[in-house]
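One structure below.
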């Protein structure tokens, strides 16, 4: 594509002129708001807007940097650098406004001074060009006489080269005005620029500039009579300037590339008026010439020639300049090669319309496409204002060569002229050069010795290719034998037309880019991806996808759309761009639109009709159309519902392909639809997992034909479209004639036995008669037994009368209706529903005279129907011999309507009554109005009840009664009148041609007749008629043209009523602008609508699309102004606005013309939009809610307004105090002043202060009124009362203070005593615990003493802590018995640790499927899409996410480096999502798959640290907690203990426990007796547990016997022993509850001998102690003790009771005792071993810091939170709370509570927020409040040490991870994990497939096909296999 340059002129002069002066363009929305409103994509047909960037100021130019993927956008006062892909802002620079004057030199000119005032001036960009060779962006604006800057490529905000360059004072740089005056210095003057590449061996780049002259004498020069013109001498119209920044900077922007004025083209001063040049574009062609080829620079421009010039001279010009080529090429002067020729775009086929003004050009490879428009004001401009023409560059070249030949060889003054009269040239006219042979280069580029510059007088002509109104820009691409043309419009739309090779339009589409904003005349394709087009409107930059092919779902639609870009991707069965289709470069893989729909894949199935009862070996498929060879591909025939059979392709044949396919199994045939004898089956050929072509075949069943058509069974069988045969004897339809018996059978439908139609007389109800039924073709069933059926349960016998007649005997039918028709059919006797054919069914009518005939006329009138009825006090049946009754009574007329009619007659008169004739003939000539006959209408006559007749003409006005004569005469009470209606006038007499005008026609007697018509122009009805006696109102239809039309009033479709009525259709009203364009969301703001011809508007309303509430009614002020209250809206947004004028939707005529190009676009958008913003908010100045005011005093309110963007004016505010208005005096942006000038009333009261804006009302305060005397009295009383209260309070305070002092001293003494006791208790407890723990530490064997879980059990417990979709975790162990060593091995089981249990029959397929699925999971693209697809499902709960993450960790455990890369990618997505909201909340919970993956990754990586460093101090802390708890009393029922860290588990009773040292032996253990310490308050179960702990302390807990599995026996003496139990007959009962037995209860002394033994059968009489019912049992404390009131029973009153809170000091005691062990643990966790640094932590923390830096997150608190959430809170807190994940121990509820307190302290230590502690703070936070600051320092030091570690490379980390994988390989069965992951894949298979289809990489690598293969392998038997397993 050739680079081009755009001028900085306004986008459209027509658009600029459309707005009248009072309505200037309103301020634009700020960028963030517009981004919110406009970033959504819009789509229409085959165009799709991908991205938009809104500009607050009008846009001027843009440039593309294809190599860097950058867009540079220039707007008024701003420069933007945007990302090319999404138009996001990368950099920006402010370049205005600046103080400037067009009469002053640029301030960059040294010693420049100016006497004229400089005013703040906006900077309009004129040139924006990229110079990639020097890394520059050339930016020229309208300020400072068109000054240019050289900015840095890649950073538009930085200036790359300072110009003029700075120089030392000793050597000043010479700067001339011509170096500064580059571009035009007026906003509306055009400028184009083009960076010319340097010639080989030459210097730097050059800049070609074309600029409209703005100096003295032009319309752009200031009209101040100043002659000071800096433009003429310094700014030529066309010039080539230096851009060489690597050479002498002092020569930048100079002309002197060669020392001659010929290097510029400057129009002479005297010729400037006649040659005003307006530049459109500058471009190179060819843009990339081959080496040695000539390249040209072109300028497209308009020459505004004045009247008097030659009529034939074209106004649109194309100028060409030669550029140097090759190393030896000389740089020619500009004027040497300059030549211009006219471009003329004129209508063909006899149309003389000329499009003379050039608007936009686009150079294609062979053609120059140009948009032209007619001059403004042309009479035809409204019909077709713009056209597209195409000129061949070859024709341009030929015309130039011919012109130079005509100038120098054989001069022809009518062909070419020298521009010497216009510019400084080399001679006034062409002259013949003798003895000179012009070389081709001279013919193309001229020479110094030849006349120049030249102008070709005859224009190059072209016929319009396309016409449309308001075209502003063009871009063209040649694609797939089509030419795709994109056209911008003045109304902000983009048209896309596709031209064939003959340049004829074959399709068109329209999309709205920014309605109402003209599209800039330059559009460019993305250099990196031609599938996108960049364009610019007045306030937006847009990136448009050239085609949205995916809107077409079939090949026919895709190819038939004739879109140059779209084609059918055969093997992917979708409409795509060619580059989006795999293998599209190969033949037949991609079918373009140019190939036509006939090349679409098609298929024929043979046989196409299949008998359901016949066996078929297979199907033959003939596949035609554009398809690659299917031979060797994986193929199947797909019948739907997952039914597929194998297909085979032997090879191509005769231009198509043949395939063979097995028919689907018979048991899988689809069911036949109801009442149908066939079913159509759609069969598709499936290739590589996709159905690429389909066809239908039919399965038929002849036997169903007879069932579907039972009354024409034989006829339907033999006339069916299938080969069916009729068996007469079986009365059945078969597909094989051999199934019929040998008897003769009919062979054609005409031979079928059938009943013949025979008319039957009506039968009275209940009568008996015989019915004869004639038959035909009876030879096939002569003599067969038949029955007569009438559709009832009752069947009548049929008797053969002869060979062709059957009689139905004694048929009796009944009905309760007036009459009822019964169908008559013959069926085979004893074979229901087997009927003889009845092609024309016989029927029997049964009537009932007693029903439906309330009067005589109706009764006797039934005789015409064959009903034998008579009238005798009612309608009755008469016998066949009874005579007819006589005449009926005279007619009775109840009502007539209407009561009047015109003299011409024709009125439909309706007469209602009784006995109005028995038949029409009775009254046919018997209806009269006076002496005028009224003719009844047969089709409107109702026997006896109603007559509708047409009145005849009357000789004159008359009035008479209506007479009906039906053998007797009846007359009406009302009179009917003949009158003469007249019309006089109509109003209004004019209206818009859009229709909707409500007119009123005045006259007399206009209410007459039955039908009224008002016709406009004799054809179009005036609708919504309403009439009175003197007027008719109706709504005018739409008119075709502005013209007068006659209006005709017709009564009864007769002639027009006399009176000449004329209505004038006028041009429609035009709306040009609305202001303001912002409204509060509540609506009601007055919107002023400006336009023309509003005097014809009767009513107008305003409605808002999508978010608007009810439309609002507007008010017409005059012919140019309308005011409308803005409608309320549902939300804050920008929405299109519609106006309804006279009930018709307003439409701009130009927009309507555009919409006709694409009817879909007619429904899109509106020209006007309203931006809805939040309602304004107000308050009083001091935000008080009550304001006091004394009547008589002046009242001035100061109201504060919150800042908003509504731009409200002072008259839009209404402030009221009660019902009194407050006059607004001062309004600023934030403050409103108002005052009240009238009295508010003297009565004391309260008045609301309300402020109103539109429909929004806000009460901001209440005004309190009161008298001044009353206020003084009230103040005195209040002060007196306050003084008295102060004295009393002072006395009370002194008394209380003395008492409090005494109490405080007493309390201090108590606290000192308590503190002393606590210190002593801690000292003793710590000493004891240290002694015990020292002994324990000595006993621990470093390798075996700590019961660490194996790695695999650590992993399963950590990954699946509670339950997952895989299994519900239960650590259930078999019954254990101690062996001689006192231990029993019981291995914990888990599905992931065992074999994959599936039956052998299923194993091969499933193992292959799992293997393939494993390879998919090891594909990064698949796994990322897979995880995201599942997480998007609403029913994919957190539990499922965690389960999936853990299963993935197990499945990928052998590839931790790959697992880590996946986790990082998912984390990046999570960080992106969190960074956009609140980054500090990231990783706070575990709610996504990646968060659980991170937990698992940390668990794996930290296991070694956990086991080698943290495990021992952690285990010692657990033992210390247990030892400390066991030193005091523990309530076995409630679990509460004397010593604890948790307030909830504190035993708040002072129960003294004494230790007992017991000598215990364990029978069968093989160990000596041990001394075990217990407390005398221990229950026997607690004693057993302590004994078991003593004997099994070096054995894992899972191998311990349980307390209920052993008995404890006390040997009180050598002869006495007792089995000790918690409950027995000796248990004590208190308050109805049994107390558990303790050592004290049994009075077991110190040193007692006990024996413990295993029991064979567990005693189930007593369950777990803590599960006992507290209503029946207790241990230490009755359940009511802790909740009881101070009053107790006498029996309990001896207990010493104190406040329960006093025992909270024991928490401190326990904490102090355990402090050392806790400190050791925290230091182990938060320290770094030099020999084994935490590589994973360093790696992950560095990753977090890198991500934060990428997103500009510099807050250290955020990084601290991320690190804390990822390691301490995610891993260590989990371990601290769950020691059973690490050790094989018993975690009791009490230990769990203590660990929760410790974990909370760890969490607080990692937090950065200060602890807000008070008296109500929980004890678990207060307990370690003093230590938290020290712990925090340790945490921060740990983070700092991690940060200071040497960074890890990816290779080092991968090596570490690989080592971790190797260390624990083969620990888990990954097949089980894969199978469980597959269950999720199966559950969400459609969603996963859709996600894979939507992912380009997945489509390219066919991941969806591989996934389908997994499903195919797994689906057939996975569930059966699992059920068997």
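Yeah, the Cβs are placed from backbone N, Cα and C, and that goes for glycine too.
Among the candidates 1132, 1341, the residue that Swiss-Prot annotates as N-linked glycosylation site is 1132. Here the candidates are 188, 1559, and Swiss-Prot annotates 188 as N-linked glycosylation site. As annotated in Swiss-Prot, transmembrane segment covers the listed stretch 1272-1292 rather than the other ranges in 1230-1250, 1251-1271, 1272-1292. Note: the CA-CA distance between residue 114 (disulfide bond) and residue 600 (disulfide bond) rounds to 74 Å. Here is what falls inside 10 Å of the CA of residue 555 (disulfide bond) among the recorded positions 322, 345, 569, 575, 1017: 569, 575. Each of the glycosylation sites 481, 965, 1118 was ranked by the number of other C-beta atoms within 10 Å, and first place falls to 965.
Restricting the recorded positions 549, 566, 736 to those with a CA within 10 Å of the CA of residue 575 (disulfide bond) leaves 549, 566, listed by sequence position. Along the topological domain 'Cytoplasmic' (1293-1925), the predicted structure has mean pLDDT 82. Considering only the recorded positions 155, 637, 696, 802, the residue whose Cα is spatially closest to the Cα of residue 1118 (N-linked glycosylation site) is 155. Comparing CA positions across the glycosylation sites 965, 1017, 1237, the one lying closest to residue 389 (disulfide bond) turns out to be 1017. For the disulfide-bonded residues shown (140, 600), fewest C-beta neighbours within 10 angstroms: 600. Distance between Cα atoms for residue 965 (N-linked glycosylation site) and residue 345 (disulfide bond): 81 Å, as a whole number. Taking 104, 566, 696 as the recorded positions under consideration, the smallest Cα distance to residue 1132 (N-linked glycosylation site) is found for 566.
Helix first, then strand, then coil: DSSP counts for the domain 'IPT/TIG 1' (891-979) stand at 7 helix, 52 strand, 30 coil. Per DSSP, the domain 'IPT/TIG 2' (981-1066) is made up of 0 helix, 48 strand, 38 coil. Nearest neighbour of residue 1237 (N-linked glycosylation site) by Cα distance, taken over the disulfide-bonded residues 322, 345, 637: 345. For the disulfide-bonded residues 345, 445, 637, counting C-beta atoms within 10 A of each C-beta gives the highest total at 345.
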